[in-house]
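Feature annotations, reproduced from TrEMBL:
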TRANSMEM  B:21-40  transmembrane segment
DOMAIN    B:64-434  domain 'Ammonium transporter AmtB-like'
TRANSMEM  B:93-114  transmembrane segment
TRANSMEM  B:160-181  transmembrane segment
TRANSMEM  B:193-211  transmembrane segment
TRANSMEM  B:231-250  transmembrane segment
TRANSMEM  B:262-282  transmembrane segment
TRANSMEM  B:315-335  transmembrane segment
TRANSMEM  B:356-378  transmembrane segment
TRANSMEM  B:404-427  transmembrane segment
Amino acid sequence: MGFSDVCNRQKNTNIRWRLPAVCFVWQLSMIVLFGVFVRYNEESDTHWVDYRKEKNITSDIENDFYFRYPSFQDVHVMIFVGFGFLMTFLKRYSFGAVGFNFLIAAFGIQWALLMQGWFHSLDYTDGKIKIGIENLINADFCVAGCLIAYGAVLGKVSPVQLLVMTLFGVTLFAVEEYIILNVLHAKDAGGSMVIHTFGAYYGLSISWVLYRPDLDKSKHLNGSVYHSDVFAMIGTLFLWMFWPSFNSAIADHGDGQHRAAINTYLALASTVLTTVAMSSLFEKTGKLDMVHIQNSTLAGGVAVGTAAEFMLSPYGSLIVGFFCGIISTMGYIYLSPFLEEKLKIQDTCGIHNLHAMPGVIGGIVGAITAAAATNTVYGDLGLENTFDFTGPFNKRVPTIQGGYQAAGLCVALCFGIGGGIFVGLVLKLPIWGDPADENCFDDEIYWETCIKATELNMHSEQ
Amino acid sequence: MGFSDVCNRQKNTNIRWRLPAVCFVWQLSMIVLFGVFVRYNEESDTHWVDYRKEKNITSDIENDFYFRYPSFQDVHVMIFVGFGFLMTFLKRYSFGAVGFNFLIAAFGIQWALLMQGWFHSLDYTDGKIKIGIENLINADFCVAGCLIAYGAVLGKVSPVQLLVMTLFGVTLFAVEEYIILNVLHAKDAGGSMVIHTFGAYYGLSISWVLYRPDLDKSKHLNGSVYHSDVFAMIGTLFLWMFWPSFNSAIADHGDGQHRAAINTYLALASTVLTTVAMSSLFEKTGKLDMVHIQNSTLAGGVAVGTAAEFMLSPYGSLIVGFFCGIISTMGYIYLSPFLEEKLKIQDTCGIHNLHAMPGVIGGIVGAITAAAATNTVYGDLGLENTFDFTGPFNKRVPTIQGGYQAAGLCVALCFGIGGGIFVGLVLKLPIWGDPADENCFDDEIYWETCIKATELNMHSEQ
Amino acid sequence: MGFSDVCNRQKNTNIRWRLPAVCFVWQLSMIVLFGVFVRYNEESDTHWVDYRKEKNITSDIENDFYFRYPSFQDVHVMIFVGFGFLMTFLKRYSFGAVGFNFLIAAFGIQWALLMQGWFHSLDYTDGKIKIGIENLINADFCVAGCLIAYGAVLGKVSPVQLLVMTLFGVTLFAVEEYIILNVLHAKDAGGSMVIHTFGAYYGLSISWVLYRPDLDKSKHLNGSVYHSDVFAMIGTLFLWMFWPSFNSAIADHGDGQHRAAINTYLALASTVLTTVAMSSLFEKTGKLDMVHIQNSTLAGGVAVGTAAEFMLSPYGSLIVGFFCGIISTMGYIYLSPFLEEKLKIQDTCGIHNLHAMPGVIGGIVGAITAAAATNTVYGDLGLENTFDFTGPFNKRVPTIQGGYQAAGLCVALCFGIGGGIFVGLVLKLPIWGDPADENCFDDEIYWETCIKATELNMHSEQ
């Protein structure tokens, strides 16, 4: 019970001024910045009726809204219910899981509209960001990176820290995304690199900097109870079911979206079987572990992200899913304990197994598939359309594209690790109201709850 | 323990004949009325193939079904899962919350198809109501008003009373909607006035007439347990996520739906931050209160309803959300206790804070935005399209439109309050099988449950 | 405590080799078969851009993806969340309900793509199955039959048995579907016959063969607790809400999908009221039973499946829903105990009441509606389009069609019962790791759980 322990106990988790201040100031900033910069684009503005006539667009149904809105809503569900409920598995951190996920996503999407807007949707004629449905989807995507990172630090940080993490995370995301998609002209429809690799290494690096040697003090709360595992399955299933929409949401109109949905559907189906197989194989009596079913079943969706809109072919998708289910489950069994003990990375939700490894695999699969693309398989027009070999990139060929895809993966890794270490150091400052080691994984710290002693005892496992 | 208490204890909550009788008779009436009045419209009838040829419609995708079906399904989820689960927060009234919500919504949508059909979809050539996807959405909308009202009386009424409340509520709704949208020609895409203001004041007035001075007798059940709060978050999130679909579902094809979705997305994001800020600011130790997170985060969606399809502009939406988060949370902290103690309005779910105040704000925002509309901002065609300044209304200008919008708000208020008082008096008749004061908020009264004494003790907080 | 009891206790439920082996071998087989047979179709292949030009298709929005993707995602939710959560009502089998449902559906959709592909989507020019969004929907549909069957044996079989059941179930499904839809040219958009009748009798026959006379030993687990009933309502509601998408997902473009959605919406609304009425009427004190609300409210969706795309007319849909609510609830009250005691059919979820009877009714309603179709009601073109009286069937008239519809129902029944008995005998082999009678309905057998004795006691009802 030395000095560090005394410090720890004195930790002030009263965020009464800090949290409201951050929320108000940041939201006011958003209003000012939106006022200066953000306007409707030509498809969401009342001038659409004029634009339609002018451009000879035959029907309102050609508005991008109808191509993407169903996918957008599915993605939206993944962000708020999917990620939120996936993290409710802890017996006493369901409020924090779903509530803080809600908070940081709601902030993040606004900041993402601005950051991504400056890079991608700035109208140079009037200096305004013009937004439409695709921007909303991209904002949701951008936030997904930060929510993945939240999975690594779940239960160990304050909501103020989460907001800071989101502010920096979205900023870093927008820059790496610009480099990968625009400068390198890599393709990444489902974000294996841009979203998952970046987000996971961002979170793992933060968790590494914030390492808590005495986290064992709250280990009685670092586990699930029966019903919290069922709640988590709501998150798992909505992520799993809507992942085809995630990977196809911003793919090319027509065959691009169509193919991305099919590839993702197949990869995910395959992952479920190998996850179940591995989970059963590595338990002494062949029983299944809910942690694997909740998480590793999703790895195929992550790994097929980059290549989803390519001609990966149906069996290719199955193969990707097959290996990711194996690798991800093995990660939970062998790698997570190793990361925690040897590398000092405490990863509450195991995002290394669900997002980091499958994300990197996805980047590699994307690079290989791109490099192997041929005119025979894609057709001349199809090849040009799928990889956007137009404008300044009209000389690029598939093999070169493969190289740029691989370069994109490296950029995502660098931004994730570098950015995470930097933000981790910022979050180490003793001003953010994070919980003491013995109060981790406990909603009592940040939420009004009416938990009876009896109820708590019943649910704990000491 | 006087006379009223004795009466109270003798309350007969056996609804074995009353509930089946109402269900059967009303459902049979629906069948007869649908048989006489309701037919498919030209887009859902097999004659569509002829109609297409005749009207030179180039593709099946121009069928209104494809413009609105995704939004319809989202609205459907809000009605049944959103409203239903939002009310599951009570520790022992989750069956009633989700089950009675299911019952009255299922009845209400049928009755709404008829009532709204007579006003809006009557084909005068053959005296039939012709229905298509837009009618289904409007029926869901209409029922939303009654489900909002249910929030005020949750746990204190019998299912028979709820059905009566829905019968009258839908009827009143159809009339006020006709007056507001057709006679006054006000616009209200997301129903801030027509749905939320009307529904909330309807419910609050009923609750006022049904005031129970001795409701304290069941106060041990008027609260949440840990997992019931997590269930309620399912409702919150599905409402929050799909609200862009709600506000855009019946907006104009093309830019109208597109813009309504964007405005709602932004307003809701903004509301989350100010709700969290206020919740934390007003608790002694800065902790968050689940009641606020579950409810006030939705206020922005309500308030942006009327103006969602206008050129509110992105920052305008953020501003609306900003203030509604503050006002709604303050309502839970200060106004709800005041309403209960001074005005004798017992509002179980706090619909005054979630629907009434934001609804009125939405009506005012709509009036101001309409009055401020200019040809420069909207374009000539855009202005005409957005406000439907055509036919008998082709002389109307924005400033005048603003006045009619404000008039529409007053109509909604009058119908809500007046109708609520009338229906409250009907529901006061001692024939409906409502629970005694000590049995409020208890599923045992109307549901077969197998709750063990031990389990109940554990969950109660005496 | 005779010999059979000793045998029973010695049952080996260690599936450590069997489950992984089946998962790996079958998934590898899928990869090989997909490699040999499955390719993208013309709408999901990069050659779509060429195809569009060639066929003079004016817009990408005419890609079948945009007609069917929103419905597909809704169906996907029904399969994984709907069926999965509907079965979570048992107090200690929620992991098995939602987890094994996930496993068998993920396997089944792959096998279904192959089986249905060979029958329906084989391109004879190159011997490949060409898949697009409609194939994904049909695969989900096919799996629905097996998930219905799972409802009958819930809690009494091992995951290996479930996989075997799915393998055979999908195979049988593909054959009976081919006979019904292609050979008999019957119509069955929502699958009352093909999915529900077949699936239900398949499951009931299996359960009959696997009859357990001593199932009473685990009857303390064969029931619900408060929160497990709320979880089950998630399943109920997502099934109920998205059923219009289920019945319209593969209906004809345009009016076909539109009408199917309307009919289903109405039938389901009607069912809710009669279910509530019957549930209340048959309990001594008029209380409602969650089992009925969770299940019988869905019967209308089943029964309107075949006729959903016909001109059933709105009141016709209400009538179908009306009777199905009554019949299904009566089934739970009277027929299920009879089936168990007299016919030795143990039907955990009561699929006889939710799928079998309404499915048969749906087939009959379809036959009658088809037989009664007239040119006046449908229009000449409409009649031809709705019933596909083209090609080899261009001489068929409605009355004859009605006969073929009825024949289709018989085929579904025969395949369900015959196939079920055969598969039941296969599953009786003592090699599949199924639980002993006293371990039925218990997640402990196949899942790592950390249930404390105290918690278990609290939830059980001995």
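Yeah, the Cβs are placed from backbone N, Cα and C, and that goes for glycine too.
Counting Cβ pairs under 8 Å that are 6 or more residues apart, the transmembrane segment (B:231-250) and the transmembrane segment (B:193-211) reach fewer than 3 and are not in contact. Between the transmembrane segment (B:21-40) and the transmembrane segment (B:160-181), three or more CB pairs separated by 6 or more residues in sequence fall under 8 Å, so the two stretches touch. Highlighted: of the candidate stretches B:93-114, B:193-211, B:262-282, B:356-378, B:404-427, B:404-427 has the greatest count of Cβ pairs under 8 Å to the transmembrane segment (B:160-181). Sequence-distant contacts of the transmembrane segment (B:356-378) (same chain, at least 6 residues past either end, Cβ-Cβ under 8 Å): 186-188, 190, 192-193, 195-201, 204, 299-300, 302-307, 310-312, 316, 320, 323-324, 327-328, 331, 386-387, 398-399, 401-403, 405-406, 408-409, 412-413.
In the predicted model, the domain 'Ammonium transporter AmtB-like' (B:64-434) has a mean pLDDT of 96.
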